[in-house]
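*Asks:* Questions regarding the structure given below will be posed in turn.
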Amino acid sequence: MKSEDVKLGIERAPHRSLLRALGLNTESFQKPFIGIVNSFTEVVPGHIHLRQISEAVKEGINAAGGVGFEFNTIAVCDGIAMNHAGMKYSLPSREIIANTVEIMAMAHAFDGLVFIPNCDKVVPGMLMAACRLNIPSIFVSGGPMLAGRLRKNDQVSCVDLNSVFEAVGQVAKGQMTEEELLELEKVACPGCGSCAGMFTANTMNCLTEALGMALPGNGTIPAVDSRRTQLAKSAGQQIMQLIKDNICPKDIITPDAIHNAFSLDVALGGSTNSVLHVMAVAHEAGADFSLEQINRISDCTPNLCKLRPSGPYHIENLDQSGGIGSVLKELKPWLKNDARTVSGKTIGQLADAAPKADNKVIRFASNPYSPKGGLAVLFGNLAPNGSVVKRSAVAPEMMVHRGPARIFDSEELATKAIMGGKIKTGDVLVIRYEGPKGGPGMREMLTPTSLLAGMGLDKEVALITDGRFSGATRGAAMGHVSPEAAACGPIAALQDGDMINIDIHNYKLSVELSDEEIQKRLANVPVFEPKIKSGYLKFYTENVTSASTGAVFKD
C-alpha cells in the first residue's frame with residue numbers, strides 16, 4: 001500500500017505519532033488510508049450539504065475496512081460569480097482544484113481517493129487530479145437541485161436559476177415588473193444542489209458516469225433524496241474494492257471512455273463547457289482525442305433529451321425516467337460497450353441493467369428529437385481551431401445565418417448595448433478579448449445571452465465569442481473561438497459590419513474576408529497587453545493554452 005510510506009517501519013514512528021494524535025490506533029495502521037476530497041463550502045448552494053455526503057462516504061469506507069481522512073478543496077459558484085470580476089476566476093479555479101488535490105494526496109500517501117464534487121469547475125478539476133495521480137479513485141457528487149415552483153394566476157410552473165437570468169431581460173423590455181421578478185427570485189432555487197437544468201455542473205456529473213468514474217445514479221439522483229446518501233455510502237465501500245483490484249483512473253479514462261462521454265453529451269444536449277473540460281481530462285489521462293472526433297460522434301448520435309435550457313424538463317425528471325443508465329441503454333449501438341467502470345461492470349453491462357426509456361423525457365433512439373447530437377464544433381476562417389455551439393438549444397431559423405458583425409471588446413460593453421436597445425434583428429454580436437488569456441479566465445457570457453433570450457431576440461440575433469457560455473445559455477451562441485483575440489486569432493481582425501456566415505448544419509463559421517485581408521488587418525492589431533499584472537491571474541495568463549486544447553496549462 002502507498003500509505004506504508006507514512007506508517008510502517010521504525011523510521012516512521014514520528015509519522016505514526018502524529019497519526020495517533022488524530023485518534024488512530026495500531027489496528028488502523030493495517031488498513032488502507034483513503035482520502036475523501038470534499039468541496040464543501042457555505043457560499044455555494046450546490047455544496048452546502050456535502051458534509052452529509054462525506055459522512056456517508058466515511059461510513060462506507062469504515063464498513064469495508066478502510067480509514068477515511070476528509071480534506072477540502074475550493075469551489076466557486078458560477079452563478080454568484082457571474083457578470084463581475086469574479087467570473088475571471090471561475091475557470092482558473094479548475095487548475096487550482098487539480099493542483100491542491102495533487103498536493104494533499106502526495107503529501108499524505110493515500111491509497112485511494114473518494115471525490116465529492118458538484119458544481120461546474122470542481123468536477124473537471126477533480127477528474128484532472130484523479131488522472132494525474134492515477135491511484136484508485138471514485139466520484140460521488142452532491143446531486144442536482146430540485147426545480148423551483150412559481151405560482152401565477154392559479155397555475156404552478158417549474159422554474160430555475162436560468163429563469164431568473166432571462167427574466168432580467170424581460171424586465172428591461174417592459175414585459176415583466178420588478179415585483180414579478182422578485183417573486184421569481186424567491187422561489188427559483190429552493191434548496192441545496194447543483195442548478196436544476198442540464199447546465200454545466202449537471203452535465204459534468206452525468207458525464208462522470210459515462211466516463212466510468214462514478215456509480216449509476218451519480219448524475220441525476222436529487223441532492224435531497226435519501227438515495228444520494230446511500231450512493232455515497234456505496235462509493236465509500238467500492239473504493240476499497242478498487243484498491244484491492246488496483247484499478248486506477250487511467251485504466252478507466254481511455255479514448256473509449258472519452259468517446260462514451262461525448263456520445264452521452266450530445267444525446268443529452270449538454271453544456272458547451274463539457275467540451276473544454278472533457279478535453280482537459282483527456283489531456284491529463286493521456287487519452288488522445290480531437291475536436292473533429294466530437295463532430296463525427298455528433299453526426300451519428302441522436303439527440304434524445306430536451307432538458308433546460310433546451311426544453312421543459314429538469315434533472316429530477318430525467319432521474320424519474322430512468323436516469324443516465326436509460327439514456328445509455330438507447331445509445332448502446334453508438335457506445336464503446338466494453339469500456340470499464342468503477343462499478344466493476346462495463347458500460348454496456350450497466351446499460352443493459354437500466355430500465356427502458358419512457359420516450360418522453362428520454363426519447364427512444366428510433367424517435368429522437370434530432371438524428372444528430374446536441375453539440376457541434378464549427379470551423380472556418382473565423383475559427384481555424386474550432387468554436388463550440390449547443391445546437392440543440394438553437395432555434396431552427398438560426399441554424400444557418402448571415403449577418404453584420406457588431407464588435408465588442410468586453411462582456412460589459414455588449415451588455416450595455418443590449419440593455420440600451422442598440423441591437424438589431426440579424427446582427428451578429430462579437431464579444432472578444434474574453435478568452436483564456438484575454439479575459440483572463442474565459443468568462444461565461446450568460447448575461448448577454450439571457451438578455452437576448454429574455455427580450456425575444458434569441459431567434460433573430462447570433463453571438464460569437466472567444467469566451468465561454470453557461471450551460472444555461474440558449475440561442476445561436478458560438479463560444480470558444482480559437483485562436484482567441486489575445487493570441488491574434490482572426491476574431492481580432494473583425495470590424496463592425498463585416499458579414500459573418502454561420503452554418504451549424506455543416507459545421508462552418510466564417511467571415512466574408514479573404515485570407516490576405518485578415519492577415520493585413522491582424523498585422524495592424526496592437527500586441528495584446530494583459531489586463532491583470534499581479535496575483536494568480538497573472539500566472540494564469542502566462543501559462544494557459546487555447547480553448548481548443550481544453551485551456552490547460554503549458555506542459
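Cβ coordinates come from backbone N, Cα and C, glycine included.
Keep in mind it's a predicted model, so treat the numbers as computed, not measured.
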*Asks:* According to Swiss-Prot, Asp120, Lys121, Glu444 bind Mg(2+); which one of Asp78, Asp160, Asp409 is annotated to that same site?
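*Replies:* The record-listed residue among the candidates is Asp78.
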*Asks:* According to DSSP, does Cys195 ([2Fe-2S] cluster binding site) sit in a helix, a strand, or coil?
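*Replies:* DSSP assigns Cys195 ([2Fe-2S] cluster binding site) to coil.
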*Asks:* Select the closest residue to Glu444 (Mg(2+) binding site) from the following recorded positions, measuring between CA atoms: Cys119, Cys195, Ser470.
*Replies:* Ser470
*Asks:* Counting only residues 6+ apart in the same chain, whose Cβ is under 8 Å from the Cβ of Cys195 ([2Fe-2S] cluster binding site)?
*Replies:* Pro45, Gly46, Gly79, Pro144, Met145, Asp160, Leu161, Asn162, Cys189, Ala201, Asn202, Ala472
*Asks:* Quick check on the binding-site residues: of Asp78, Asp120, Glu444, whose CB has the lowest count of neighbouring CB atoms inside 10 Å?
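*Replies:* Least crowded of the binding-site residues Asp78, Asp120, Glu444, by Cβ count within 10 Å, is Asp78.
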*Asks:* Could you round the CA separation between Asp120 (Mg(2+) binding site) and Ser470 (active site, proton acceptor) to a whole angstrom and send it over?
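*Replies:* On Cα coordinates alone, these residues lie 9 Å apart.
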